[in-house]
Each structure stands twice: as C-alpha cells, then as structure tokens.
Amino acid sequence: MKIAVLSRNPNLYSTRRLVEAGRERGHEVHVIDTLRAYMNIASHKPSIHYKGAELEPFDAVIPRIGASITFYGTAVLRQFEMMGVFPLNESVAISRSRDKLRSLQLLSRKGVGLPVTGFAHSPDDIPDLISMVGGAPLVIKLLEGTQGIGVVMCETEKAAESVLEAFMGLKANIMVQEYIREAGGADIRCLVVGDKVIAAMKRQARPGEFRSNLHHGGSASLIKITPEERMTAVRAAKVMGLNVAGVDILRSNHGPVVMEVNSSPGLQGIESTTGKDVAGLIISYIEKNARPNQTRTKGKG
Ligand code: ADP
C-alpha cells in the first residue's frame, strides 16, 4: 500500500515509528508536511500539490495534526478524503475531538462516565457556578491549556472564587470540574485502535502534585485495566468517531471517568512503558480496513 503520514516533522518519535512500521510491512510510506501541502479546492478533480507537483494517489493517510494547526491540517486531510484516500482518523472526528466542550457534551449525551463538569465564560454568579458542580475541592481548567498548564486545584470555595475571577479577567473559556481525589494523582492512558484497547499505562503524579503529566514530573508504569475501563475507553473513542485514540481516564468512586480523548496520541511513552509495537498495530489496522472511498463524510463535514 501507499501510505501518507501527515506530519510537520519526520524526526518526531511517533512519525518515525509509523514510517518504520509501515516500511517493515512492505508499504511505501511518505511523510507529507501538512503546512506545505496546497490545493485547488474549486477543481472538479480534487488534488493536492506538494513541492511543485501533484501528489500521486495514496491508499491511506495517517493524520498527525498538532493542536496548533488543527484548522489547516483538517482541511488538508479533508482534501485527501475527497480524493477517496482512507484516513486513519477522519477530519470531522479530529475537529470534534479538538473542541473540549463539544467532546464532553457528546460523551455525556452517550452516557460515557465523566467527572461532574461545568463550563463558563463570564458567569455573573460565581458561587452558583461552584455549587452547581458540587462545591470544593474543585479543579479549574483553562480550555486553551495543554500539558497541565492552566489546570488548578482549589481546596476551598474561596480559593475557587479567586481563581475563577482571575481567569474571567483573562476572558478565557473555563471548565470547572469535580476533583477526583480518590484517583490519587494518577490517570490511565488507554490507546484504542479500532474496537480494542491495545495498550494502557498509568501516569502517576510526583508527590505533592495532582497533575500526572510527564511534563510535571509524573512517571509512567504498566497497569492492568478492568473490563469496565476497557469498555469506557473503546466507547469514548467510538462516540468521537475516532479509529485511533488516546483516552485518558481517572479512577473515581463512581467508576471510570473520561477526562480527554486525544486524536493524535503520542507513541513514545506508551511504547516504551508497555513494550508494545503500537505503530505496527496501527499499520495492521490500516491493512485490514483501508478501502478507497470509504470515508463516511467524504470530506463533507
Ligand atoms: P491537559 O490536557 O492540559 O493535560 P488535563 O485536563 O489532562 O490537562 O489535566 C492534567 C492532569 O491533572 C491530568 O492528567 C490529571 O492527572 C489531573 N486532573 C485533571 N482533572 C482532574 C480532576 N477532575 N480530578 C483529579 N485530577 C485531575
């Protein structure tokens, strides 16, 4: 098969591994720099140009679109879809998963377990917002944050009020969430491919920290997940319409709750922690499922 990896940097671990795994299995794999692809969207025959020439047809495309280029990246992916190329994850599903509010609303509507969560922009009654989500302790998140930046834990309602006031002053979108203390500073990353969790790891925050992000000194280890956690992760990916997803789960005393569904999960941490050939399993998913003109939305979404 001829496979394109849409990625800004061929040297990133995940990109390298996908290219390597594809070539090992006898496929022709090319890395296409997302921002350098250009297209004539008004043409009757959709095509993509790259480095001065029209791209030859591909059988499948693996999108690795960074959060900062979601808008242009999903447009390039949509063009591949209009050309009938099989996308590992569809453009609409990626856009959906990048919108945290939309994602949580969708997951909630489909009955996937979530922490009690409120959204706000400029609430005129902060105490009411706080009591709506069950009072302190609370986690307050800036929607635009990544890697745990802009995630604050407030032990008391007074602290929560001050933080909310400060964030409101920044005119930011805010998420207010029940603090899952019983998770003990750990979360579980489940790597879903198709309808299976093919690898899972636990990320544990360092002592004195509640955020388990590796950037904040968290450490990763192997974990055996329960059938309920497995089902929750697979359902979450399915609700989002993602074939491949990194689903982050917290163990709460009301069952597994989903924090986030990531459409371009990093492969380095999960492969080194579990010793699994995640890239190889992704390629084999493509081998089994890639058919031309099978995009459900055909680039319409
Ligand atoms: P980011 O997407 O920026 O990484 P997250 O929402 O994943 O932000 O939060 C960062 C970390 O904080 C999570 O990995 C988790 O360990 C911890 N955390 C986030 N929300 C909660 C919560 N409601 N209860 C307990 N811990 C949480």
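Numbers run from 1 along the shown chain.
Backbone N, Cα and C atoms are what each Cβ position is placed from, and that goes for glycine too.
Listed features, source TrEMBL:
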type	residues	note
BINDING	Lys141, Glu178, Tyr179, Asp187, Arg211, Ser212, Asn213	ATP binding site
BINDING	Asp248, Glu260	Mg(2+) 1 binding site
BINDING	Asp248, Glu260	Mn(2+) 1 binding site
BINDING	Glu260, Asn262	Mg(2+) 2 binding site
BINDING	Glu260, Asn262	Mn(2+) 2 binding site
DOMAIN	104-287	domain 'ATP-grasp'
Overall pLDDT of the domain 'ATP-grasp' (104-287), taken as the mean: 94
Inter-residue C-alpha distance, Arg211 (ATP binding site) and Glu260 (Mg(2+) 1 binding site) (nearest angstrom): 14
Which listed residue (Ser212, Asn213) has most other Cβ within 10 Å, given these are binding-site residues: Ser212
Sequence-distant neighbours of Glu178 (ATP binding site) in its chain (C-beta under 8 A, six or more apart): Pro115, Val116, Thr117, Val133, Gly134, Leu138, Val139
Least Cβ-crowded entry, counting other Cβ within 10 Å, from the binding-site residues listed as Asp187, Asp248, Glu260: Glu260
Same chain, 6+ residues apart, C-beta under 8 Å of the C-beta of Tyr179 (ATP binding site), given in sequence order: Ala136, Pro137, Leu138, Val139, Met153, Phe210
Using Cα positions only, nearest of the binding-site residues to Asp187 (ATP binding site) (Asp248, Glu260, Asn262): Asp248
Set of same-chain residues at least 6 away whose C-beta sits under 8 angstroms from Asn262 (Mg(2+) 2 binding site): Ser97, Ala245, Gly246, Val247, Asp248
For ATP, whose listed binding residues are Lys141, Glu178, Tyr179, Asp187, Arg211, Ser212, Asn213, the greatest C-alpha pairwise distance in Å: 19
